[in-house]
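I have a structure I would like to understand better, so I am pasting it below and will then ask my questions one at a time.
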Amino acid sequence: MLVFLPLLMLSWGAHGGLPHPRPKCDRCDENFACDCSSSNLQEVPAVSTSVKSLDLSFNEIKTIGQDDLCDYSNLEVLILRSNVISSIAEQGFSTLNKLEVLDLSDNRLNDLSEMWFKRLSSLKHLNLLGNKYETFGKGSLLHSMVKLSTLIVGNPFLASVSEDSFIGPNHLQSFVFYGSGLKNYQPGSFSRINSIDEVTVSIDGPFQRDTALTTDILRDLSRPDTKIILSDLRISREQLMPFQVVFQKGVKSILLRNLSCSTDTIVSLLGMTQHSMLTSIGLEDCEFNGELTVSVEFPKLDFVNEIYVKNVKLAKFYIFPALHTITQLVQILTHLTRVAVIESNVFAMPHETTFLLYNLEYMDMSRNQLTDLTLREALCDGLRSACLPSITVFNISSNYIRSFQTLSHLFEGMKMLAALDLSLNVFHTMPEACAWPQSLRYLNLSSCQLRRVTACLPRTLHVLDLSYNDLTVFEHNMPNLTEVHLSGNRLKTLPEGRLFAHLEVLYIKGNPFISFSQNQISNYGSLRILEAGADTYVCSCEFVSFFKHELSHLVKLDRKQAYICSSPFALRGVEVTDAHLSVFECHASLAFSTLCAFVLVVVISAVVMCHKLHVVWYLQMTWAWIQAKRRPAARKDQVCYDAFVSYSERDVEWVEELLVPELEGAEPPFRLCLHKRDFLPGGWIADSIMAAMEKSHRTLFIVTEHFVQSDWCRFELEYSHFRLFDAAILIVLEPIPDSTIPKRFCKLRKIMNSRTYLEWPEEDSERPRFWQSLKDTLHMP
Ligand SMILES: *[C@@H]1O[C@H](CO)[C@@H](O)[C@H](O)[C@H]1NC(C)=O
Ligand SMILES: *[C@@H]1O[C@H](CO)[C@@H](O)[C@H](O)[C@H]1NC(C)=O
Ligand SMILES: *[C@@H]1O[C@H](CO)[C@@H](O)[C@H](O)[C@H]1NC(C)=O
Ligand SMILES: *[C@@H]1O[C@H](CO)[C@@H](O)[C@H](O)[C@H]1NC(C)=O
């Protein structure tokens, strides 16, 4: 043991002591998607083991250890881009067999290992761009990824591609390859991927340096069904050779992106397409120096029907010739069915050119410099049917069009027009009535600074976008509308549902809604999707309850967190789902009447209790007692009666006919105090009683059942007890059983039990003796 212990400690020490806790990340939502990006993490953090999507981008993670991810076997998306990862354990991803998306771009991986990806058989998207690896490692990296559909690889340091590198994936939708520093390419490597829908290659370096290498690469990628995107080229006329193989192999669609060359070069390139199968030509983010002149030789492009041009800058765009003046182009123009010239400073197009585009179905002129004037020219000033007779989609989003009237006039004759995008122009107003082609189904008027819409809106629409305008009402009967965008306006209520019988999708976020009701939602017969998040809801009880319980059964809602209360004040800024209103706020009248009823019941029971428990009587007694305590004892000379007679009103007969004559008629006469006769009128009776008792030597209590029942008599009795009990004389007129004396009348009970009292005899013969005893008692000092 003694030998062992230090050894154990040593080995522990070698491992750096206890494993230090991993940083935590709890930015996860209800779908187990955790966003831990930009958190200065130096290692993979601890998150919920149910995590499905984990974003760790923009941190400082250096390595992926064997156990870092082993708990997250449900992971489907793992984003590790823009860290400083330089090593990954061989088994680092081995438990992630549900992983579909893996992004390792912009790290510092010097080598790639096929061991990492061995278990990732569900992987669909893999991004390895921007690291430092020079090869794709030994063996075949992608071997197990049979489901892969997006592959993004390469970096400036990549030097060689070998034949096994791309064994595995069968069909890629998108393949992106960056190899500007490539020096070796084993021919046939890219052919290992059976089919590719779209490939983006960035190989400017080989283009500059090594025509054979470039040709090998392009030969393997060029197939009739693959769209080729060549990006980041800076080429001259002499470097165009490798393109030959592209056109020979029957590529139909080519796009040049971030190309920088002279107009001559591009014309030469087009010249090479002669007799190719090319149908679609695209240019994106390109810059051409030099000028295009009418004299250039254009090839015959028999199959080309699609031209896509975006963000193309011509050094001298203002002297660009009208296309119809280039005779070789006339033929091409008549073949075109799809043309997009986006963001390229187009400010005019002569109507002669437009006339040639009679097969055109799709036209996108968005983000250019067209104005009302030049658009009128371009669209042949509305010359019916001669102008773009086949057009179905027309996009002039983000130009300088101002007049709605002009537009409706220009498009009226296009009998096939189904979609018109006028967004991001500045209209402000709209005429009261317009004419549109009957075929129009889609109209985009987003961000057009419209303050009001009128019956000018085509009633045939299925989709209408009026988002980000200044509308305060939208009440137009549009029977066939299925989707309407009204976000970012100033609407204060939902539009009337019965006007839109077929509406299925309503986007109406960011309007100042007060609130909406079940009725309003039910009025939309077909509504399925509602997006109405805003931070201006009046959270009434009805609204909060409807929102929490019924709304999601009626429609599919956007993020519930987007619905925020603005009033009542206590709930300002609170999410509607978190709003809690008390019963008092929600059912004020009910709560108030309940409260009133409760108070009433309490009061009534209190009154009943008081009555039952003789509270009033007790209070009176207490009051009298307090008075008695405070009253100074009567002085001797104030005593002026021999006896105060306390009796019940019911026994007045006995008192007046027998007692009074007997005692006042005696020799010497007794002075009796009777409340009926001797009290001063007007005083408070309790006061008078107390005064009378104090002015009398004795108090005679005429005890009968009535006496017991009488409050005043009891009071007198009680009072005598406080004050001058010894002076009390009880005359019991009739036998009173103990049980008939009420409980609270305990004093009397006590007296009756403990003291002798005079009993009124039944027989007449006994009475003289009674009177004698009474008189004797009264005489006693
Ligand atoms: C365009 O290509 C050049 C090389 O020809 C490259 O240096 C530049 O970064 C590219 N630009 C973009 C935006 O990719
Ligand atoms: C019109 O062009 C804009 C900007 O290029 C684009 O966002 C929009 O989707 C296009 N509209 C249609 C209907 O294609
Ligand atoms: C309408 O145009 C805007 C701006 O171009 C665009 O963002 C929006 O997606 C378009 N709306 C629809 C429904 O296509
Ligand atoms: C709405 O659609 C129906 C059926 O497709 C059609 O008959 C009717 O004319 C349309 N209404 C409008 C105003 O376009």
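Placement of Cβ uses the backbone N, Cα and C atoms for every residue, glycine included.
Quick paste of what TrEMBL says about this protein:
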type     : residues      : note
DISULFID : Cys28-Cys34   : disulfide bond
DISULFID : Cys434-Cys456 : disulfide bond
DOMAIN   : 639-778       : domain 'TIR'
SIGNAL   : 1-16          : signal peptide
With H, G and I counted as helix, E and B as strand and the rest as coil, say where DSSP puts Cys434 (disulfide bond).
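The three-state answer is coil.
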Would you find the one among the disulfide-bonded residues Cys28, Cys34, Cys434, Cys456 whose Cβ has the most company, meaning other Cβ atoms within 10 Å?
Cys34
Cys34 (disulfide bond) to Cys456 (disulfide bond): how many Å between their Cα atoms?
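Cα of Cys34 (disulfide bond) to Cα of Cys456 (disulfide bond) measures 48 Å after rounding.
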Helix, strand or coil by DSSP: which one applies to Cys456 (disulfide bond)?
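Looking at the DSSP assignment, Cys456 (disulfide bond) belongs to neither helix nor strand, so coil.
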Do me a favour and check the Cα-Cα span between Cys456 (disulfide bond) and Cys28 (disulfide bond); whole Å is fine.
48
Is Cys28 (disulfide bond) helix, strand or coil when read with DSSP?
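Once the DSSP labels are grouped into three classes, Cys28 (disulfide bond) ends up as strand.
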Between the Cα atoms of Cys434 (disulfide bond) and Cys28 (disulfide bond), find the distance and write it as a whole number of Å.
51
Please give the average pLDDT for the domain 'TIR' (639-778) in this predicted model.
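Averaged over the domain 'TIR' (639-778), per-residue pLDDT gives 77.
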